[in-house]
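Peer 1: As annotated in TrEMBL:
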type	residues	note
REGION	55-93	region 'Disordered'
BINDING	His277, His329, His399, His592	Fe cation binding site
Amino acid sequence: MMTSLKATSLSSFTSSHYSMMIKYDRRYSSLSASSSEPSSSSSLLRRFTRSRHHRIFASSSPTTSSPERRKQLLSPPHDISVPLPSAGKNKPPLSIERAISEYPWRGGLEPIENSAHPVQCETVFGAVPEEVKGGTLYRLGPGRCRLGSKKYAHWFDGDGCMHEIRFGKENGEVTMRSAMVETERYKAQETRKAKGDDDIVGARGAWTQATDIMDNLGKFPTNPGNTSPVVFNGSLLALCEGGPPIEIDKKTLKTKGEYSGKFTGDLSGFPMGFAAHSKIDANDGYMYAWGLAKPPALGHRFAKISPSGEVLKTTNVPLPDPLGFFLLHDACDTENYVVFVVVPWKATVGEIMPALIGVESFGHSFSYDSNAKTRIVVMRKSDLTVAMEVDVENFSSYHNAGAYEDEQGNIHALVCKLKGDREDLEKNFADMYNSVWTSKQYNHLYDVCLSVKEKKVLSQTKIGGDGAKPMEFPILSTKWTQTAAKTKSMPAFIYTLCFGESGGGYFDTVQKVATTLGANENHLEYRSKPGYFPAEVAFVPKNNAQKEDDGYLVFIEYAANRHASDVVVLDAETMDEVYRAESSYHVPYTFHGCWESSAN
């Protein structure tokens, strides 16, 4: 049984709305009297539904008519009916129903069933490219961020769920399956649920305290295993700052347990947990991982691990306050260096003490110091020594696109800089069901040029000019990442998610940012159909690729009107949609993913 939440039906959109949308779809720009279908609102609706999405060009610089042009390009509001479950354990409480009715994108936060049974997807457009056949897209994120009517106190506390989107080798047939990462925390929650305690938090999270105070006192937060998947040494791992890597069986998608025991070498200084964005060198396969030091030590430990899993060296990451607590979510690496951006989102020992005892949460002990500097730390891959440390003006950041070394040996770190306040961003994360997103919660990309020789910042340049929309989740072409050590040049393109200001309130656009944008050049965009919300993309190179953008972008997209997810493939050069398949269930919004080709 399903219940339909509706603000304004899609059928209430006028034919002029669809005419406007089709006008900006290049594939349908030549609708004329020669068409075999009559020019009516229903015909236009069928044509738009068939094309599903439109590609637009974003002007590289504002013009006198830009406000009018922006108004033309806006899609209708995403007033979509979301068919949520009306019975069963995943039937949402009334407060959640109301939240989703207000903004349909929030339906993508809803819990998923814990089943690893493969589901065949239905092809509705195009054909799977040869290079995509046989490949697998893994996505990881919170499979649930509420227990009954009890919402977790932060999106990052959601229980992890691994998703597998597999393309058949012969015909490209798409199957999808999902399974919860069965951490000790997840098992504790399920034990409480089995007793009928649906709204009880049975294990302490980084932000969410357990309902029973005795489950908090003296207990370290449990690992949700929810952030980033990686294939290392043949094993599929779920990474999260909250604990060690968790191994997932690639054949069954079942949880095998903590992977840390499979590392060899000197583990005495090994980090307690793994950062979600631990780096695997694109050329030699070495992993560079970091995470919180094991108590009673403080700070972050940094490790170099061979492709076979041998821990070769560990050391400390130098922090602005050796006794402070910081979140090192991401880093970027070149052939010789790893670059950390340490933002002043931190907690002192005094501020963290109630959390260490268990009477307050760890996550809520952190605050953003807008008066402090942001520190950039560069460490050598060869021996993990510090190459340089430098303080720069205050900015907040979660992610980086990548980094490279130029002909002069300078490092170019391609860094996200948050437009608005970090505190406002964290408020959204603290209650996603009631969050409202604007461009201030997104980022601009900057090329931060560092001189290791002079130990200073040479320049900070905004990437993409004024035409690049505020964004998140930047990714690069694998052709560039594999050749950057030789070319020593800026990537020509960076692919991001962004908010196209279409009224939907969440990510609705995949953006192709041209990094060396000229006066007469344009960024390309794939704008999702109203009520569809894309996830971070994965780049799949074409065979014998010559250009950096010779490839495809593979991702999943939440369709609010079906409360289900689609699998989408775009041409990375043109940003045209080349394939789409519909699944029968929804994938809750994920954080990150990885692509494994058929060769693996």
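Cβ coordinates come from backbone N, Cα and C, glycine included.
Not measured: the values here are computed from a predicted model.
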Peer 1: Can you tell me the three-state DSSP label for His592 (Fe cation binding site)?
Peer 2: strand
Peer 1: Name, in the order they occur in the sequence, the residues of the same chain whose CB lies under 8 A from the CB of His592 (Fe cation binding site) and which sit 6 or more residues away.
Peer 2: Arg139, Leu140, Gly141, Thr227, Ser228, Pro229, Ala276, His277, Phe473, Glu536
Peer 1: Where does His329 (Fe cation binding site) sit in the DSSP three-state scheme?
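Peer 2: Where His329 (Fe cation binding site) sits, the three-state DSSP reduction gives coil.
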Peer 1: Give me the long-range Cβ neighbours of His399 (Fe cation binding site): same chain, 6+ apart, Cβ under 8 Å, in sequence order.
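Peer 2: In sequence order, His277, His329, Asp330, Cys416, Asn443, Glu472, Phe473, Pro474 meet the Cβ cut-off.
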Peer 1: Among all the protein chains here, how many other CB atoms are within 10 A of the CB of His329 (Fe cation binding site)?
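Peer 2: His329 (Fe cation binding site): 19 neighbouring Cβ atoms within 10 Å.
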Peer 1: Under DSSP, is His399 (Fe cation binding site) helix, strand or coil?
Peer 2: coil
Peer 1: 10 Å Cβ neighbour count around His277 (Fe cation binding site)?
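Peer 2: Within a 10 Å radius of the Cβ of His277 (Fe cation binding site) lie 21 other Cβ atoms.
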